[in-house]
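Quick look at what Swiss-Prot annotates:
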type	residues	note
BINDING	153, 156, 206, 209	Zn(2+) 1 binding site
BINDING	170, 173, 192, 195	Zn(2+) 2 binding site
DOMAIN	5-70	domain 'J'
REPEAT	153-160	repeat 'CXXCXGXG motif'
REPEAT	170-177	repeat 'CXXCXGXG motif'
REPEAT	192-199	repeat 'CXXCXGXG motif'
REPEAT	206-213	repeat 'CXXCXGXG motif'
ZN_FING	140-218	zinc finger
């Protein structure tokens with residue numbers, strides 16, 4: 001089912017500003033919150049849709065991506081192409097906790113500031129999805145990625161104010177970022193509506209970042225993928241996330257790795273498994289075959305006479321490197337015996353002759369099995 005338009009979900013226009021988005025979200029969140037609608041699946045689903053829409057549209061970077069690409073901007077890892085993708089979902093700090101402080105502050109008569117006035121605010125963490133091959137996981141690699149992120153504005157140095165000017169202490173909250181109001185017997189504290197909790201106002205905003213203190217830019221980064229890395233591994237690049245606000249530290253970038261399934265090898269920890277089909281005659285008479293391993297070398301496997309289906313051969317040290325270790329796993333070759341198809345008349349005659357010449361010693365397992373079965377049912 002197609003996802004609803006985020007603007008329609010919040011009931012705002014595509015030109016809605018931060019204040020309009022926040023107001024719409026607060027009203028809808030109070031209406032559909034699970035605590036007010038227990039055991040109501042539709043309200044719970046609507047509540048999740050509202051959260052997702054607001055989380056996207058309140059962030060200038062995500063909103064720009066959504067306006068350009070729609071929901072596709074956040075699918076399969078989000079923006080980006082090739083072997084990886086970018087998405088900030090799930091990591092951005094802050095979220096809508098400050099909104100709920102206001103909502104439940106009004107309902108319960110309390111609330112606590114999430115950040116101090118004009119305080120340093122840490123940048124959001126970012127996520128980048130990267131797919132690599134099993135060969136790359138075996139050898140390791142250095143990957144170049146491009147990540148769209150928010151960086152500190154170089155014109156205003158992150159203040160958000162036009163060069164030569166400074167942000168001013170908010171006159172409404174006196175720099176605290178919070179305001180109090182009496183409602184009956186309760187004293188309600190909420191985020192300052194003038195400075196939106198920052199404790200400062202900017203009368204003359206920077207022309208480049210428009211008062212945000214940050215601008216969006218695509219950065220190129222080198223990521224070291226160590227040998228032996230496993231599927232699902234998370235790599236943290238400290239300080240490579242979004243820039244902080246008002247001098248706060250940058251967030252982190254998390255690389256989530258997935259290893260593409262291989263055509264021939266399956267992995268279990270440091271060990272590799274490979275199924276090799278051989279002919280019925282090779283299994284019966286014995287023989288040899290070569291296997292090319294992940295390091296590019298060839299290993300010869302000797303098949304003894306009378307090899308049965310499922311027989312495993314172990315090639316020691318031919319598996320995956322153990323991460324940050326000198327150890328290496330093993331490669332296990334499992335035999336699959338291929339039954340002949342589309343026999344010629346002569347081949348059929350020879351097999352029939354072979355069948356007539358066969359004895360119990362040639363097929364001990366099947367002979368013994370049917371004998372045991374007959375004895376079981378005959379009593």
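Placement of Cβ uses the backbone N, Cα and C atoms for every residue, glycine included.
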Check: Are there three or more C-beta pairs under 8 angstroms joining the repeat 'CXXCXGXG motif' (206-213) and the repeat 'CXXCXGXG motif' (153-160), sequence spacing 6 or more?
Finding: yes
Notebook entry, point to check: What else in the chain is close to the repeat 'CXXCXGXG motif' (206-213), if you only count residues 6 or more beyond its ends and a Cβ gap under 8 Å?
Noted result: 60, 152-156, 158-163, 245-246
Margin query: What whole-number Å value do you get for the CA-CA distance of residue 195 (Zn(2+) 2 binding site) and residue 206 (Zn(2+) 1 binding site)?
Written below: 16
Notebook entry, point to check: Which one is it: of the binding-site residues 170, 173, 192, whose Cα lies the shortest distance from the Cα of residue 206 (Zn(2+) 1 binding site)?
Noted result: 170
Next item on the list: Could you say whether, by DSSP, residue 195 (Zn(2+) 2 binding site) belongs to a helix, a strand or a coil region?
Entry: coil
Notebook entry, point to check: Using a 10 Å radius around each Cβ and counting other Cβ atoms from all shown chains, which of the binding-site residues 153, 192, 195 yields the largest count?
Noted result: 195
Check: If you count the other Cβ atoms within 10 Å of each Cβ, which of the binding-site residues 156, 173, 209 comes out on top?
Finding: 156
Next item on the list: Take the Cβ of residue 170 (Zn(2+) 2 binding site) and count every other Cβ within 10 Å, whichever protein chain it belongs to.
Entry: 22
Notebook entry, point to check: At the level of the C-alpha atoms, what whole-angstrom distance separates residue 192 (Zn(2+) 2 binding site) and residue 156 (Zn(2+) 1 binding site)?
Noted result: 24
Note to self: Can you tell me whether DSSP puts residue 173 (Zn(2+) 2 binding site) in helix, strand or coil?
What the structure shows: coil
Notebook entry, point to check: Cα distance, residue 173 (Zn(2+) 2 binding site) to residue 153 (Zn(2+) 1 binding site), nearest Å?
Noted result: 26
